[in-house]
Ligand code: HDD
Ligand code: HEM
Ligand code: HEM
């Protein structure tokens with residue numbers, strides 16, 4: 001029995017919750033690394049600016065973590081409430097990483113609590129820095145585990161289907177499924193990348209607002225150089241993700257690329273839109289590029305949508321999502337590269353307003369790329385919730401009250417979203433760096 | 001021992017842990033708000049804030065651990081409870097969200113507002129009410145199977161004395177547990193006034209807790225005779241629990257050794273909680289679901305248990321460190337160590 005309304009509202013509520021959680025989760029995975037780097041440099045060079053950088057980032061981080069915990073708890077429970085049949089199956093095969101994730105949370109939560117309340121409590125600053133290591137490990141490892149679960153949804157392994165019954169479960173094989181290596185590394189790399197650009201945005205914004213303090217220059221330099229490293233690795237791993245798709249989920253790649261007919265020497269379509277009669281208009285065609293992206297060779301054959309049964313084709317709008325993600329990824333390699341060369345060559349225009357605004361945009365843009373990437377990944381898997389095993393509609397609840405829940409949760413997220421923006425801006429506006437530096441030395 | 005029993009024992013233990021520390025947390029939030037309304041905030045606020053801030057995320061993880069673990073060990077519960085609990089647990093999540101927002105905005109963000117404090121305190125009382133519905137439903141009689149789909153009968157649920165009995169118990173117990181703990185904590189901090197005020201709260205809520213508990217057992221006699229019979233078989237566990245209760249109350253009245261009073265309280269609730277749990281065995285949901293027919297496969301069970309043991313090896317030292325730095329650290333508890341970040 002399938003309740004169409006319940007399926008519809010469950011999908012919207014899941015999408016909403018995850019899209020909201022992922023903002024805080026991405027920041028939660030990435031920022032500890034940067035706090036760690038800043039505090040380490042600060043201790044090594046005995047430079048108070050870096051220590052303060054770490055300290056101020058931590059204050060903001062505590063707030064995003066709190067919202068991340070709330071929304072994460074919500075999604076964790078909602079998965080069972082909205083997708084009971086899916087979770088029953090998932091519980092049998094992929095519960096192990098979900099379970100281990102809670103230990104990672106535990107670990108992170110304990111040490112974060114300690115770290116937050118022990119500034120100035122140790123004579124030796126290094127001891128305090130050490131407390132941050134479990135926080136960074138805990139949050140990255142929890143991203144690894146949860147992404148493993150999602151990878152399993154895209155390429156379920158580790159069980160046999162006998163007359164519709166799941167048999168011979170093997171949790172280890174289920175964890176190390178084909179989608180896991182690329183997915184996990186792409187998610188972690190992009191989380192670091194996004195955090196770097198968000199922190200860079202803040203520094204660039206302060207400079208634009210007229211602050212001449214060298215503190216912001218140091219922050220900008222640190223975040224943009226590390227950001228460049230992570231955006232290049234995101235590109236490389238993203239390319240590997242494409243190759244994974246070509247082999248294991250060809251319809252997702254075909255839909256993302258509007259690749260309708262199976263062919264060799266396949267071209268890559270950039271931008272463009274679909275006319276009402278299904279023709280691609282105004283797109284840029286790059287010869288051989290799709291064959292290279294999919295298989296690493298210009299002559300390789302790439303499966304098109306013609307080989308996929310009609311009722312198993314994902315929605316075609318994921319092409320736009322793919323373009324947004326890749327476009328932003330490319331831009332965020334070029335911009336920090338220009339900045340970096342500019343610093344070495346002493347170009348002055350990298351300090352002008354337009355370029356600074358571009359840096360301010362980097363943070364929001366990378367968050368948009370994260371959202372686009374996840375939507376590409378999840379929508380591209382449709383109509384399956386467990387690829388090839390269970391359709392989305394079969395996994396959903398049959399409860400009558402999902403729409404009510406949707407309204408209540410929308411209100412909650414609205415409050416959390418607006419609240420966190422207000423509180424974060426107020427916190428830093430009330431206490432600008434110039435003042436904090438002065439207070440510490442008087 | 002069966003893998004099923006190991007699984008449920010692990011989960012039950014974490015649920016017990018959650019009910020204890022969450023009670024402290026929820027109750028503290030309530031007393032905090034209450035003191036602000038009665039103009040006693042200068043007595044209570046600082047002691048409560050000092051305890052709560054570093055540990056709230058840890059409290060939350062206990063809950064996460066429980067619901068992730070139960071889907072792992074007993075996947076079929078996702079089907080039965082997931083379908084029926086959407087509304088009560090949905091409301092609980094929203095309330096948890098309000099509490100999280102309080103930490104994020106008021107504690108970390110340092111924006112103090114009476115409104116937040118009030119919402120935060122109220123959520124502490126509503127949460128046990130909405131979460132305890134799970135216990136009520138597990139007693140059976142509220143879920144029926146329709147075309148293979150479980151359905152919750154809200155009318156029966158809200159008109160049942162059992163529901164309200166459990167709601168009342170959860171609230172009184174929460175206030176009692178919290179007050180006893182905070183009496184001890186304030187005493188450690190040498191904050192005499194806070195400790196005395198909390199002690200009167202503790203004594204106020206002690207007997208209502210016991211009365212509610214006895215009332216529930218009485219209601220169960222007609223609602224779920226099997227469970228009732230099993231409870232009677234385990235009468236000695238509840239007798240021991242009651243003796244511990246008297247011990248706590250006696251120490252509180254004599255104003256001595258609050259640490260021991262709290263220890264006895266934990267023992268009291270442990271005996272009652274496990275006694276209730278053993279009597280419930282083997283049902284997860286009367287009469288539809290037992291721990292045996294909902295259990296996961298063997299490979300998963302073994303890997304979960306191994307992960308659990310490895311995880312504990314990591315956790316116990318870390319938790320010890322947390323307690324040592326904040327709960328048992330004289331400077332911190334006295335408010336002398338820096339609390340800036
Ligand atoms: C800052 C964010 C960001 C950026 C700049 C990129 N990606 Fe990405 N991408 C993600 C953030 C992301 C993500 C949010 O992490 C996704 C969603 C689900 C997942 O596994 O990772 C993802 C998924 C994802 C997938 C789908 C994998 C699947 O469904 O199994 C492919 C093929 C790519 N990416 C490829 C790329 C390429 C070729 C990029 C070139 C620059 C790129 N991504 C940049
Ligand atoms: C362990 C990880 C994840 C699990 C178990 C999971 C589970 C699900 C489920 C059950 C659905 C229902 C299918 C549907 O609504 O169509 C879904 C869809 C969706 N999920 Fe995921 N998800 C995971 C990760 C994520 C993340 C991190 C995001 C990012 C924000 C995300 C975004 C979405 C979106 C946007 C949809 C809607 C797709 C559509 O309706 O077309 N998911 N997911
Ligand atoms: C279906 C998908 C997801 C579920 C069920 C889920 C579940 C949760 C839960 C229960 C929490 C709260 C833990 C606590 O109490 O401390 C949480 C927080 C968190 N989640 Fe998610 N999560 C999902 C998706 C993701 C993804 C895709 C990422 C990373 C890319 C992620 C990263 C985090 C992080 C780092 C936290 C800790 C809070 C923070 O540090 O900001 N989650 N999540």
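Here the Cβ of each residue, glycine as well, is placed from N, Cα and C on the backbone.
Long-range contacts of the transmembrane segment (A:20-41) within its own chain (CB-CB distance under 8 A, at least 6 residues past either end) are made by residues 47, 50-51, 53-54, 57-58, 60-61, 64-65, 67-68, 71-72, 74-75, 125, 128-129, 132-133, 135-136, 139-140, 142-143, 188, 190-196, 198-199, 219, 222-223, 226, 367, 370-371, 374, 413, 416-417. According to TrEMBL, the transmembrane segment annotation covers A:20-41 (among others).
Positions annotated as transmembrane segment by TrEMBL: A:61-83 (among others).
Annotation source TrEMBL lists transmembrane segment at A:89-117 (among others).
Positions annotated as transmembrane segment by TrEMBL: A:129-153 (among others). Sequence-distant contacts of the transmembrane segment (A:129-153) (same chain, at least 6 residues past either end, Cβ-Cβ under 8 Å): 25, 28-29, 32-33, 35-36, 39-40, 43, 90, 93-94, 97-98, 100-101, 104-112, 114-115, 118, 174-175, 177, 179-180, 183-184, 187-188, 191, 377, 381, 385-387.
Positions annotated as transmembrane segment by TrEMBL: A:184-207 (among others). Through the fold, the transmembrane segment (A:184-207) approaches residues 25-27, 29-31, 33-34, 57, 140, 143-144, 147-148, 151, 213, 216-217, 219-220, 223-224, 226-227, 230-231, 233-234, 237-238, 240-241, 332, 356-357, 359-367, 369-370, 373, 428, 433 of its own chain, all at least 6 residues removed from its boundaries and within a Cβ separation under 8 Å.
Within the chain carrying the transmembrane segment (A:219-238), a Cβ under 8 angstroms from the stretch's Cβ atoms is held by residues 34, 37-38, 41, 50, 53, 182, 185-186, 189-190, 192-193, 196-197, 199-200, 202-204, 207, 325-326, 329-330, 332-333, 336-337, 339-340, 343, 359, 362, all 6 or more beyond its ends. According to TrEMBL, the feature transmembrane segment maps to A:219-238 (among others).
Here TrEMBL flags A:317-343 (among others) as transmembrane segment.
What TrEMBL lists as transmembrane segment is A:355-376 (among others).
Under the heading transmembrane segment, TrEMBL lists A:404-425 (among others).
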Paired segments the transmembrane segment (A:61-83) and the transmembrane segment (A:404-425) in contact, 3+ CB pairs under 8 A: yes
Long-range Cβ neighbours of the transmembrane segment (A:404-425) (under 8 Å; 6 or more residues past either end): 9, 12-13, 16-17, 20, 60, 63-64, 67, 70-71, 74
Non-local residues, at least 6 beyond the ends, that sit with Cβ under 8 Å of the transmembrane segment (A:89-117): 58, 62, 65, 69, 128, 131-132, 134-135, 137-139, 141-142, 145-146, 148-149, 152-153, 156, 158-159, 166, 169, 171-172, 174-175, 386, 389-390, 395
